[in-house]
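According to TrEMBL, the protein has these features:
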- 554-676: domain 'STAS' (DOMAIN)
- 110-130: transmembrane segment (TRANSMEM)
- 136-157: transmembrane segment (TRANSMEM)
- 206-227: transmembrane segment (TRANSMEM)
- 239-265: transmembrane segment (TRANSMEM)
- 315-334: transmembrane segment (TRANSMEM)
- 369-392: transmembrane segment (TRANSMEM)
- 404-421: transmembrane segment (TRANSMEM)
- 441-458: transmembrane segment (TRANSMEM)
- 502-530: transmembrane segment (TRANSMEM)
Amino acid sequence: MAPSTSLLHPDGAGAALELSSSMMMPTDCSVINGRHGAAGASSGGAQMEFPWENTNGNADRSSVHGTLQKVWERSKSSYQLKMSTYSALDWLAFFLPCVRWLRTYKIREYLFADIVAGISVGFMVVPQGMSYANLAGLPSVYGLYGAFLPVITYALVGSSRQLAVGPVAVTSLIIGSSLKELVPGAETISNPNQLTPDQEVIQEKYNMLAIQLSLLVAILYTSVGVFRLGFLTNFLSHSVIGGFTSGAAITIGLSQLKYILGISIPRTERLHDQVSTYIEFIRNLKWQEFIMGSTFLVLLVTMKEVGKRSHRFRWLRPLGPISVCIIALLAVYIGHVDKKGIKIIGAIKKGLPTPTVGWWAPMPDFVDLIPIAIVVMLVDLLESTSIARALANKNKYELVANQEIVGLGLANFAGAAFHCYSTTGSFSRSAVNNESGAKTGLAGFVTAWVVGFVLLFLTPVFEKLPYCTLGAIVCSSVTGLLEYEQAIYLWKVNKLDFLVWMASFLGTLFISIEIGLGIAIGLAMLIVIYESAFPHTAMLGRIPGSGVYRNVKQYPQSQLTPGILVMRIDSPIYFANVQWIKDRLRVYEDRHRDWSGEHGTKLEFAILDMSPVTHIDATGVHALEGWIEHFAHVGTQLVLCNPSVKVIRELETAGVPDMLGRDWIFVTVHDAVSFCSRQLAEAGMAVTPLSMTQQPSSTSDE
């Protein structure tokens, strides 16, 4: 019989698509009926081309050159389309995304909702911003700066219409804990708003490092967006970030507890150190600050929970922080509690932020700042993009992922230029923004100008704000970050994800924020490597009455055919998993060979379903060649089913189809089994598919 390439026609009658290499060009084939043989190739049936051979003289698309050529052609086509169809307004919207919603803005429907949402978030961010700046070890006004210009910038260039940008608790904690290690003496400053002459020099150095860190974060953000590297955040799973934020929430809460208790203690991060310090200094508790702080904390948590659970009283949630600030200020101005043991913030600089571009260089601490910037960017990016996606889905509009990342980067650039430390999207404020009815980025402009009004006229008022109020605001804000329900869910659904969550959580609590996050990311990477190196494989059986073949473990009613082994590999084949796949296929072969022998048939055919195989590297190709030789040595024919275009090109380059025999590459498993069954029948070995109870045990992975 002349060598030929055949793809069985899935018409149920056993017709075949066959190419005789002795009579036709490699890209020709014909539809034939009857026996599988070279004679049928001359019957002159309908012609079709093999997709893996149809290169039409083009460069090999699987090569580096071919890939770059595809990227270039796609980019060129996209550019030509834009040049031919974009108007001046379209180009403006391309560079300034706010134009997209401004073009369709419905004043009567949107304006009032945007104003209400902007004011609500503004009332919330003013006290929160000052609290978070204190957590970051910066003067309180830096928190207000971070809620002003970055918010305006993001409203102009961001793609989310409800995301509320500004200072957040976790970032503030990372900055506060990291920068204090770089600035000697910074840990001794308890109130950045009230400094001694010696402390002023230290604080100025600290502030400069915070601005330089913000610049590095902005560069990283923008680079990730411009070069479309946002996919890297996919490696930071929700279990990693969930455990990290939960551990950080407890760390943040304990770090602010000292303001509620009214005691002065050294700054520590690890849970056991914090608990030990509090036990040591608890005797210095000031009952005045404790009563005020704990009362405010209870009030804030109550208003927050009532606002979340009741649609009727949802307005209570954003008003919580500003309400306790008003009460505290009244207690100071009317009751003069600042003279009775209540510590207040002190001087807050009045006016809009001044430029800090001159602080960007020189940057002698670059080597120390860049790891911190990477951690801040990764955490902020995942936090912000996750809430932005959720809000976009809820409000039925498309979020441009890379534009979103670039928008956050530009917002941080603007902040670094005007006295702002790193900012990102806030879960709590974004939720309030959405619940308050925000329709577009105009709500962000309103929020920014609420903060701007405070900066211009009300900072002298907030100078009298008690520190215990800020501590209560931070503690109430981070309660939403403690995702214990997620840990319970992961324990029920996936133990490996729960392990990652716990590693991130415990590492953050008992070691440090950076190391805890690093441990969690490393563990997540190990799990990815593990799952990649030990992919799922299966022995397949036919669902009775159909041409469908499925995992016999998943479908116990499926049938196997003596003499014909059907297997499937559910992953790419490459150097890391070749040995595992080889071992699994050998197990299937041995079990099926023994079972076929018990039913009086030799194992004649081993069919390998390659539909899920998206890629095969050189090691995988070499392994496939070894499988061909092995099966040929034991008298079994290896058969391949439905390799993808990319895979078959890689096999063609190595000459595998010629080594295997082009007759033995089929479109579907059913076609291959049908043909192999006819071959057995022609050889006088009639075979009948057998039910699951007659099949070999333990035939697939779990």
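If you go along the chain as it appears here, the first residue is 1 and each next one adds 1.
Every residue, even glycine, has its Cβ placed from backbone N, Cα and C.
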*For the domain 'STAS' (554-676), what does DSSP give as the number of helix, strand and coil residues?*
63 helix, 23 strand, 37 coil
_Is it the case that the transmembrane segment (206-227) and the transmembrane segment (136-157) touch, counting contact as three or more CB pairs under 8 Å in which the residues of each pair are 6 or more positions apart?_
yes
_Of 136-157, 239-265, 315-334, 404-421, 441-458, whichever stretch has the most CB pairs under 8 A to the transmembrane segment (110-130)_ = 441-458
*State the non-local partners of the transmembrane segment (441-458) in its own chain: residues 6+ outside its ends, Cβ under 8 Å from one of its Cβ atoms.*
98, 101, 105, 110-111, 113-115, 117-119, 121-123, 125-126, 129, 141, 144-145, 147-149, 151-152, 154-156, 158, 161-162, 164-165, 350-353, 433
*asked:* Below 8 angstroms Cβ to Cβ, which residues of this chain, lying six or more residues outside the transmembrane segment (315-334), approach it?
replied: 120-121, 123-124, 126-128, 292, 296, 299-300, 303-304, 306-308, 342, 344, 432, 435-436, 461-462, 464-466, 469, 472-473, 476-477
_Positions on the same chain near the transmembrane segment (404-421), where near means CB under 8 A and six or more residues out_ = 97, 133, 136, 138, 141-142, 145-146, 148-154, 157-160, 165, 167, 171-172, 175, 210-215, 217-226, 230, 353-357, 360, 380-381, 384-385, 388
